[in-house]
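K.L.:
Straight out of TrEMBL:
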DOMAIN    22-209  domain 'CNNM transmembrane'
DOMAIN    227-286  domain 'CBS'
DOMAIN    291-348  domain 'CBS'
TRANSMEM  26-45  transmembrane segment
TRANSMEM  92-109  transmembrane segment
TRANSMEM  115-136  transmembrane segment
Amino acid sequence: MDSDYHLGLLASVFTGSTVITPSADVIVALIFAALLVIVSAFISASESAFMALSPDEIKAIRACNSRKDARLAAMLDDAESLQATIMLSNNFVNVMVVLLCNYAFGRMFDFSSPVLQFVLVAALVFFLLLLFAEVLPKIYSVSNPLGLLRMASPMMTVLDKAFSPLVWVYVKATSSFDRAFAARKHGFSVDELSHALELTDKREISEENNILKGIVKFGEESVREVMTPRLDMVDIGIDATYDELLKCVVDNVYSRIPVYEGTRDNIRGIIYIKDLLPYLDREGTFEWQALVRPPFFVPETKKIDDLLTEFRNNKVHIAIVVDEFGGTSGLITMEDIIEEIVGDIQDEYDDDEKLYVKLNDTTYIFEAKILLTDFYKVIGSEPADVEELAGDSDTLAGLLLEIKGEFPALHEHITVGIYDFEILNVDRRRILKVKLTINEKA
């Protein structure tokens, strides 16, 4: 019963419609429409073929001296114009197919309703173009892209010349729009990103969050804040014997060691351990000093992002840091800079020494040489009352000396707000270990 209903409904749609014998102009219109469908098929297939070309096939096109391959190479070199030619020509051809089919069917059939004519013609043309001008050509082109392009290159050359004025206008217009929209785009500023990070849950600090914080602070940090201080440097005198140098290398497992003459303020160069490898069998009288490379000096006030650029440009990984008087303040390596973004980098040569031990949520034991930037990361904040007292200090020991104003005694307590520092270990001139207790706010 349902089938009878649908047949009756279909018959009612065509009620009053009549078929007219096609005239010569109708036949010509249909022939042109069929030819344009073939052209559209070649254009669609060429588009897919260009995208499906492998690197080896592109090399083959550029290496061949045939006229067809020369045309294809020229098209590949101007990808923007090629894309515009394909898009404009394909749309133009498809529109012409629709117009010709609408003209032909309007002369062949006398529909009872103009709406019915539009719907039927649109459905038929859509099916023809989708199947014969899109799906089937693209399936074939992907299986043999180079062969199809060589076959279609004459037609693509004609289309390129025919649509060149429109292509020129299209390329200029799209370039103008790209520049206009690019001018309106803006990324997050450092202040905006920093503010966004401050709004995150402090109890759920992820590794990605810490990296983002490192990026935000990266451009603000100076070499002095990141360097290895002079007292912690591993270096060797230029008058040391070869055996003494090898012992220094084995004991410290660094790949680069500064070399000084007389005092550490007179750094003569850097000895690279890889330069010693060919001479490991030499005796203790070997003059290793000839292998010393020139040092790279940087001021302690230089920003580490600028230093990273200099490292890359000069192809070096270590620099000697000097103060305003030319004295040696310390050294800094590429690894030190990268660690400011990604955190500590442990390799097979790093020892297991930790700069802090967490006893519980409110109690820590710190090595006093820990940098303040790392100290703040451990406790999860930068307390304003502590930051104000830090002055020019870079380490926890420097902070405590800045606060105290004199060298503290063993087990002396220094309190700043909710933070209580106890001096656990000292030598004659240095604070070595500090216990931090964070008192709960009342």
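Cβ from N, Cα, C; glycine included.
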K.L.:
In the predicted model, what is the mean pLDDT computed over the domain 'CBS' (227-286)?
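P.N.:
Average per-residue pLDDT within the domain 'CBS' (227-286): 89.
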K.L.:
Please report, as numbers and ranges, the same-chain residues at least 6 past the borders of the transmembrane segment (26-45) whose CB is under 8 Å from any CB of it.
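P.N.:
That would be 86, 89-90, 93-94, 96-97, 100-101, 103-104, 107-108, 128-129, 132-134, 136-138, 140-141, 148, 152, 155-156, 159.
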K.L.:
Please count the residues of the domain 'CBS' (227-286) that DSSP assigns to helix (H, G, I), strand (E, B) and coil.
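P.N.:
Within the domain 'CBS' (227-286) the tally stands at 21 helix, 20 strand, 19 coil.
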